Amino acid sequence: MSLFPPASCPRLIVKIGSALLVDPGGAVRRDWLTGIAADIAERARAGQQVAVVSSGAIALGARRLGLAKGGRASLEDAQAAAATGQIALSQVWAEVLGAEGLTAAQMLVTLGDLEHRRRYLNAAATLDRLLSLGVVPIINENDSVATEEIRFGDNDRLAARVAQAAAARGVILLSDIDGLYDRNPAQPGAVHIERIERIDAAIEAMADTGSASGMGSGGMVSKIAAARIANAAGAHLAIASGRIDRPLSTAARHSLFVAERGASARKAWLAGGLTAEGRLTIDAGAVKALVGGASLLAAGVTAVSGSFARGDILDIVGPDGRVVARGLSEYPAADAAAIVGLGRDAQEAALGYAPRSAIVHRDHMVLL
């Protein structure tokens, strides 16, 4: 239990990929899953609360329905497979955890449940109560109703968002690969990266966009995106191989993405968000001011795009096109556009009412 022991990680999120749970024929790898349940029980007895983000519903449902391409030939096939497979998946989890004396609970979430603040808080409260009761939540995206436009798209990022909602200190992404390499691990001389202190352009360049199994949807790009979200919320994230028995109780080789520091709940939620309703483009002076801890003033904004209301999440973009921050708008889109580049006196004339202190206040903003 060397990775994220209970003493330093009271709450742990474990994500399990489809290729680990389901064999190429679409059947559950029950013996392997029984070992995972034993690992979770061992950690629970040591005082750790564990939640599982479990893939596999589409793969299981596709087999039962006889759908081609693992149920991914169309969105409708994937939704039907997910609806069918979720029952089978939850039943298996309940059985293997029950054999260890643990109670399983199912939580199906959509992107909106974790992107909209009120729904996020509700989901977080449910998750917290389940964990405090000693229950093992089994979480998955509700693929039976989600569409391409309103879905996470992979369970790696979902696991990171769940970690944030649960205030977990650690996330383990169990996969068919044992971590990050400086190039495709199939190439000669590929070097395994054990510890990542900062996710920069060089780390992102190492990501492989493919999924080795052909069964899931999360390649290394999605795992690095998940690490960004988890680290911003103060949680460390490890990518580890699940191609061994009882991977949570062995010192399996892994890549660890280290969280720099904790984050406030609201700022962690902002940083982890996957969607923004609009964007503000700002000049170089405004970028410097934000880095220095200032709020975003209208005078530093050069362009406004998107349709948004007051309180919506906005991306804040520098002159080079890079997203430098994210925050909650103090204005609806039309009013924000009306005061672009203006000082305070000119803003009041343009709006017809006294302007707010900033377009995005520093208390409602996080640097990226």
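The chain as shown is numbered from 1 upward.
Cβ coordinates are placed from backbone N, Cα and C, and glycine is handled just like the others.
Residues Asp143, Asn155 are given by Swiss-Prot as substrate binders; from Ser55, Ser241, Ser249, that same site also lists Ser55. Residue with the densest Cβ environment among the binding-site residues Ser55, Asn155, Ser222: Ser55, by other Cβ atoms within 10 Å. Neighbours of Ser55 (substrate binding site) among the binding-site residues Lys15, Asp176, Met220, Ser222, defined as a Cα within 10 Å of its Cα, are Lys15. The two recorded residues Asn155 (substrate binding site) and Met220 (ATP binding site) have their Cα atoms spaced 12 Å from each other. DSSP assignment over the domain 'PUA' (277-354) gives 25 helix, 23 strand, 30 coil. With respect to their backbone Cα atoms, Ser222 (ATP binding site) and Asp143 (substrate binding site) stand 18 Å from each other. Of all the binding-site residues listed (Asp143, Asp176), Asp176 has the fewest other CB atoms within 10 A of its CB. Comparing Cβ neighbour counts within 10 Å across the binding-site residues Lys15, Met220, the minimum falls on Met220.
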